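Trainee: Take a look at this one; I'll ask things after.
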Amino acid sequence: MNINYWLKKAIKKLSHCENPRYEAEILLSHVLKCTRIAIIINQEIDLSKEQYQKLNNFIYRRSIGEPIAYIIGKKEFWSLSLCVSYKTLIPRPDTEILVEKILSKVNKNFRSILDLGTGSGAIALALASVCSHWNIIGVDNSYSALKIAKINGLKLNLKNVEFFYSNWFSHINEKFHIIVSNPPYIGIKEIQSLKKDIFYEPFNALISKKDGLLDIELIIQKASQYLFDKGWLFIEHGWKQKLKVQYFFKKYNFFCIQSFKDYGGNDRITFGQKK
């Protein structure tokens, strides 16, 4: 069976997906170890038996909802190819906006950044790749996630970032110019309305009590203790949570509070400055 014939079959099996052709080509490029462009211009090439079997297994897994990032074990974020596993959230394109906003606020005096709940290390590594003079720390309460983050750091050869265990601020003993977090912010009542793909991701990195706001408030409440004066706190949150998150920032004495939308036009990021 050649690439063209397999691709047509795969697209039919993935017809319920948002972009079946793109997803089928991603799986092909992973198995054949080539670019999507190479696949497009070489569709008459025959697949080996081993390649055919692996591709069919991948298509089945995708057809029942497993995210492609977990199937191939990687996801691109901020032009970085990151390893991911079932123990880490899959980095989203919308979170790149968080990185952009942090970069817009930094100045020559900023030297230290803390990424709370780092997961695969996406935010910390994206920042480290841009500013080699910063000292960046990523923490997580999952040793499995930290293992993936460390693998990504080594693979990318980024020397100015380190990862270690901390349950939010539990093991933090210093102050930072910037603290950033993409914490769990989905409420328990929202679970049934989620796409089935999301159920493959670690629930403790997704779900938070008090309508998804428990961890967000805890972080905002404690962040001032770990920020230098005039330091910034950046939080990613749910699209209906902007007003509540802004209220928490005001309640815990932050100012210059701003919120920004994601690529879909939904409120997604709020940040404020320590007084």
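Just so you know, glycine gets a Cβ as well, placed from its N, Cα and C.
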Trainee: Hey, Swiss-Prot has S-adenosyl-L-methionine bound by GLY117, THR118, GLY119, SER120, GLY121, ASP140, TRP168. Any idea which of ASN107, ASN157, ASN182 it lists too?
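Mentor: Candidate listed by Swiss-Prot for the same site: ASN182.
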Trainee: Within 8 Å of the Cβ centre of ASN182, PRO183, PRO184, TYR185, which other residues of the chain have their Cβ, at the recorded substrate site?
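Mentor: Output for this site, in sequence order: GLY117, SER181, ILE186, ALA205, LEU206, SER208, GLY212, ASP215, ILE216, GLU236, HIS237.
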Trainee: To the nearest Å, how far is the Cα of SER120 (S-adenosyl-L-methionine binding site) from the Cα of PRO183 (substrate binding site)?
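Mentor: Given the Cα positions, SER120 (S-adenosyl-L-methionine binding site) is 13 Å from PRO183 (substrate binding site).
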Trainee: Would you say which of the binding-site residues GLY117, GLY119, GLY121, PRO183, PRO184 has the most Cβ atoms within 10 Å of its own Cβ?
Mentor: GLY121
Trainee: Below 8 Å Cβ to Cβ and six or more residues apart, same chain only. Which residues does that give for TYR185 (substrate binding site)?
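Mentor: In sequence order, SER208, GLY212, LEU213, ASP215, ILE216, GLU236, HIS237, GLY238, GLN241 meet the Cβ cut-off.
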Trainee: Other Cβ atoms within 10 Å is the metric here; tell me which of the binding-site residues SER120, ASN182 scores highest.
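Mentor: Per the Cβ count within 10 Å, the most buried is SER120.
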Trainee: Return only the integer: C-alpha distance in Å from GLY117 (S-adenosyl-L-methionine binding site) to PRO184 (substrate binding site).
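Mentor: One finds 9 Å between the Cα atoms of these residues.
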